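Features as listed in TrEMBL:
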- 90-104: compositional bias 'Basic and acidic residues' (COMPBIAS)
- 953-971: compositional bias 'Low complexity' (COMPBIAS)
- 975-987: compositional bias 'Basic and acidic residues' (COMPBIAS)
- 116-289: domain 'Amino acid permease/ SLC12A' (DOMAIN)
- 406-689: domain 'Amino acid permease/ SLC12A' (DOMAIN)
- 703-815: domain 'SLC12A transporter C-terminal' (DOMAIN)
- 835-1060: domain 'SLC12A transporter C-terminal' (DOMAIN)
- 87-107: region 'Disordered' (REGION)
- 940-987: region 'Disordered' (REGION)
- 110-131: transmembrane segment (TRANSMEM)
- 143-166: transmembrane segment (TRANSMEM)
- 178-200: transmembrane segment (TRANSMEM)
- 206-227: transmembrane segment (TRANSMEM)
- 247-264: transmembrane segment (TRANSMEM)
- 270-289: transmembrane segment (TRANSMEM)
- 405-425: transmembrane segment (TRANSMEM)
- 445-471: transmembrane segment (TRANSMEM)
- 550-568: transmembrane segment (TRANSMEM)
- 574-595: transmembrane segment (TRANSMEM)
- 607-632: transmembrane segment (TRANSMEM)
Amino acid sequence: MRISCFNSRPQFKTSPHLTLTVPCCFCVTGDGNPKESSPFINSSAATNMDKSQQYDGNNMALFEEEMDTSPMVSSLLSTLANYSNLPTGSKEHEEAENNEEGSRPSKKPLGTLMGVYLPCIQNIFGVILFLRMTWMVGIGGVFGSFIIVFMCCSTTMLTAISMSAIATNGVVPAGGSYYMISRSLGPEFGGAVGICFYLGTTFAGAMYILGCIEILLIYIVPQAAIFKIEGLEGPEAEAALLNNMRVYGTIVLSFMALVVFVGVKYVNKLALVFLACVILSILSVYAGVIKTAIDPPVFPVCLLGNRTLLSKGYDVCAKVIEIDNETVTTKLWRSFCDSEYLNATCDEYFNNNNVTEIQGIPGVTSGILAENLFGNYLEKGMILEKRGLASDVDPDSPTTNSNRYVLADITSFFTLLVGIYFPSVTGIMAGSNRSGDLRDAQKSIPIGTIAAISTTSTVYMSCVVLFGACIEGVVLRDKFGEGVSGNLVIGTLAWPSPWVIVFGSFFSTCGAGLQSLTGAPRLLQAISRDGIIPFLRIFGHGKANGEPTWALLLTASICEIGIIIASLDAVAPILSMFFLMCYMFVNLACALQTLLRTPNWRPRFKFYHWALSFLGMSLCLSLMFMCSWYYAIVAMGIATCIYKYIEFYRAEKEWGDGIRGISLSAARFALMRLEEGPPHTKNWRPQILVLVSMDAEQNIEQPRLLSLTNQLKAGKGLTIVGTCVQGTFLDNYTDAHKADQSLRKLMETEKVKGFTQVVISSNLRDGTSHLIQVGGLGGLKHNTVMVSWPRNWKQPECHQEFRNFIEVVRETTIASIALLVPKNISSYPSNGERFTEGHIDVWWVVHDGGMLMLLPFLLRQHKVWRKCKMRIFTVAQMDDNSIQMKKDLLTFLYHLRIDAVVEVVEMHDGDISAYTYEKTLIMEQRSQILKQMHLTKNEMEREVQLSHSKNVSTPTSPTSPTSPAAPAGGAVARPDNKGAEKEKSLLTTDVRRMHTAMRLNEVITKKSKEAKLVLLNMPGPPKNRVGEENYMEFLEVLTEGLNRVLLVRGGGREVITIYS
């Protein structure tokens, strides 16, 4: 492999939006892929210097040895001084295009006005202000509309305060709300909310395009409609309008996507033009309000009784007119009568009511505000009626000629208005999204964002009052201006001409749509490049200059869904959901960071409080369900699915998020609670310490131990996988780290949720003892130890292994910890296997607190053992009533709610067979040979000295019944006799134990030979060190001929209860 190194100053991308420029060293391997070193450790130019050059002189000689891992302060400060957080996306694309044209002077960083305030103003003011604000005031009334505006503006103001605190808590890379939420609440919340914010921005683009088409087809060139509306009525006219919106919306979306793909820099350059259109339109409205006080504009509205007439349905607002002293009927007459003659049959309501003409814009001094103060909610198809005007109508007669009146196109209610209006206050993230372009982001973002929200809130609230004070109520409720000659209602108030508003709103909606199609793909690209959602990684790629081509294609496709919906009133609540969810989590992030008092939480913006953040979060959640409870549930469902997806795939991102802080605080609280006392029997569950051994390469020798643990735990309770590395901490730390990684990798493979613990000790015996003693923390400690049966314990080289095993049995007994010993662990099923039939047999010989009952129940919760039946065998002695034992056991199991087949096995006393004696003697001989082989040199020398001092010949094996004693005199005869008696007693005990083991094994083998698993009480270890090999032999005989055996020792407490 070819390796070449060269010095450079790369830009480290610590996130998709953060670029870190540091001097460092690149190493290029043979495959041509550059490998970046750390930006802080060994990354400065001084790394390539000689040590003597870096630590020249004696001042820093004390720190020479730390040079390889710790840079000098001067190097670190130099690295930080070179920090740059240039944004990704449109700016890179623009710079790339500029580079093709030639070198140009670099842009100066933006200040508060140009970088934050004006972009926020442009994004907040939008299509809702021009197309729906007057209608909202007419339907909800000045009072109700003011409440809606105040709630929405308060929500964004509180969110801006929280956002300012987060944005000033350190350097803010480009990325806006996604970056802030993901780094504050973790990758799961960040990914979920990031996708919601992306969908909100995408649907906002659809809403702006629909607004643009609505202005074009209704107010500018109605004759351009492909599906003609003229002559159509009711649902047919509505369907034609929606189809026109879909066709033209798709065309405009395609054109905008093409513009964004080809030349993003032109979109950015036109941003000021679009902003000027918005500001000019708003100023023209205020100018118009002032003019109404002096000279109100003439916009007559024709009423029949108190009903508003369509302006296209009449030429003169009168039933008849006088021409040359002759009464002539008008177009209005012909609309309600069957002929143009005066004796024609006319509509009953037309005959009973007079036609009146009122001024649509009576002016700010007219006192119309009192009439518009309260709401007038309408059902779909209802006629717009003027309050306080007399009307003669027969309540029993049906409404006729309804197509001659201005009708409500949708059913309106308070919460609907909230959902439609809220998008007009979104866009507060525009400043934080441009943080990479700002001269001082920590100063500009809070000031610019809060100032922009204050300005827009003042404009919105004043508009609510001024619209109600200047415009007639029936005109306000006329959504499309059908009663004022098809004029845009807000345009009727504008000065000098309605066309100022019409064209201003048209260009502003076009600009807003382009901005959405520019920002949304870059947000998706940022999420994709973070790598937290695997299936989105393809959208992180783009053109060579960084332009997110694939993300733009997906954004346009999703935007087309909004275009197909075609109704501005239906799309607005959808994007309200996603924006509200985003703002809710911004508030949550600030509140959590404040309450947890994270050491790194030190915002420069001081005017925040956790109570304000919680209030903002509560408002967001309330507004979500007020707007549309079903949309809210869908949005939360999408966010939950993404959250669980990221959690399932274990996004390996550590961003120091607030959720980690919550986990630490909750863990501390829970641990303190657990210290209050031992758990109740109903809450007892096996908290397992799994002891595994490692080979020379630090790989696990018994991986199936973790499979069994997973099947037994099913992800519940505490699991600690521990091992011991022999040696010293200084010399073997690398091996311990490697062992820890092997444990984690296997736990991930076997899907075991728990912790690892690796201990370095001078010998394995002490290390295992330390694990048993200190595993866990506080009240969250293991109550069960699982260790594998030593396979080759009979081999001389494995002598110490089985002694360590017996010590584990002794220590768990002393510590009142349950012990599980799976024998033949390699034959146990993996997590992928399934038993379609078979039995789990429990041999209940002695009471162990219920462990033997609980373990099969837990195993059968796992899919590997789910179809296995449970059988319980108990042993009856000579004096036991086996029939009554079975009844009692069935009753006990019934109360325990455990389904099992019960069988009582009778074991009568029988003579000890010659084979049992023979097997016991062979065991004793083998034991003595092992002892002799492991007799240390010091012990041998001590025996020699003792024999010389007493002049006695030492037998070959002092405890062996077959070893002859050769006393030199009668003085030692008595001790030999006592030793012989002791040996005989021990031999008798061993024979009895061997007899029990063989009889039990015979019965178990007969009944459970074909069982998938046998659970058996594990006998206790010998109280002294004599006969340890015999104890292992007894266990071997007890389990001989069985495939899978789980030896169980209880912990000395009840673990199962019949009570609820």
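Just so you know, glycine gets a Cβ as well, placed from its N, Cα and C.
Predicted automatically and left uncurated, TrEMBL annotations should be read as such.
Pairs of Cβ atoms less than 8 Å apart link the transmembrane segment (270-289) most often to 110-131, out of 110-131, 143-166, 206-227, 247-264, 405-425.
In this chain, the transmembrane segment (607-632) does not touch the transmembrane segment (110-131); fewer than three CB pairs sit within less than 8 A of each other, excluding pairs fewer than 6 residues apart.
In terms of DSSP secondary structure, the domain 'SLC12A transporter C-terminal' (703-815) contains 62 helix, 21 strand, 30 coil. Remark: the transmembrane segment (143-166) makes no contact with the transmembrane segment (247-264), by the rule of 3 or more CB pairs under 8 A.
Contacts between the transmembrane segment (206-227) and the transmembrane segment (247-264): present, as 3 or more C-beta pairs lie under 8 angstroms, all at sequence separation of six or more. Within the chain, the transmembrane segment (247-264) has long-range Cβ neighbours (under 8 A, six or more residues past its boundaries) at 90, 93-94, 97, 205-206, 209-210, 212-213, 216-217, 226-227, 510, 513-514, 517-518, 521, 547, 549, 552, 555-556, 559-560, 563, 566.
The stretch from 178-200, 574-595, 607-632 that makes the most Cβ contacts under 8 Å with the transmembrane segment (405-425) is 607-632. Restricting the average to the domain 'SLC12A transporter C-terminal' (835-1060) gives a pLDDT of 69.
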